[in-house]
């Protein structure tokens, strides 16, 4: 039986929110089988649980936000990407503010945090959402076209193409492919940082956003070049960060996907639209588990791999 996973011990981190600039404490705790991933706002007068789901996503401007009632948690995608990348199914995430800390702008710090806590196999079958026919969402036409799509695949792979007219991006490659069974998430994807332009940062800060952003947690560019003194972590770091975001956004469906995801100029909003479009078509997917590791897609049966 391919088993569910949680973490072995409690682990903690402290940081600031990318947009709020607010100090936040994060506590990750083991959870029982079939709990799923549950964020808990422990700073509120009465703590509020927010289980992840496609329907729990309430805002996708600049980041993925989940919420229930009046309680929200912003910028969940990097942490969710790390959780998905390590194949974890059940975790409680206690948080003392309304935004997940940005840490270094990638998911690498979250991966380290989770691996430090240890991975524990649980006595319950891991359940997947398997895509059994294509599902696609599109917006715009011509130069404004963007789309995202699922196709059937015995595993989970992603292909993402970006389209930024900027010398630094053009020179590094605008398309990346990643296969969870063939490649190594922690080595190939996790260190890719979020990125932005100085002119956009100034505009965002004038609106009370990006208050916690800087060169310590983002790739920052002017009109011509990368301004970070240490340059890029990967040659194609921009497109790889979009893969990182997509892995986190798509895991908000609440279970690991068996599908080939491809996208052109997609973002948090379109990723969530794709999840909702999939769930709205019951004949396009099915829930599956695997009685033996030999039946399971390559990669999912392996223990979470370190750096």
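Every residue, even glycine, has its Cβ placed from backbone N, Cα and C.
These features come from Swiss-Prot:
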type	residues	note
BINDING	78, 241, 245	Zn(2+) binding site
ACT_SITE	268	active site, proton donor
I'd like the Cβ neighbour count for residue 241 (Zn(2+) binding site), meaning other Cβ atoms within 10 Å of its Cβ, all protein chains included.
28
If you count other C-beta atoms within 10 angstroms, which of the recorded positions 78, 268 is the most crowded?
78
Using Cα coordinates, what distance in whole Å links residue 241 (Zn(2+) binding site) and residue 268 (active site, proton donor)?
12
Around the Cβ of residue 245 (Zn(2+) binding site), the count of other Cβ atoms that are within 10 Å:
24
Which whole-number value in Å describes the distance between the Cα atoms of residue 245 (Zn(2+) binding site) and residue 268 (active site, proton donor)?
8
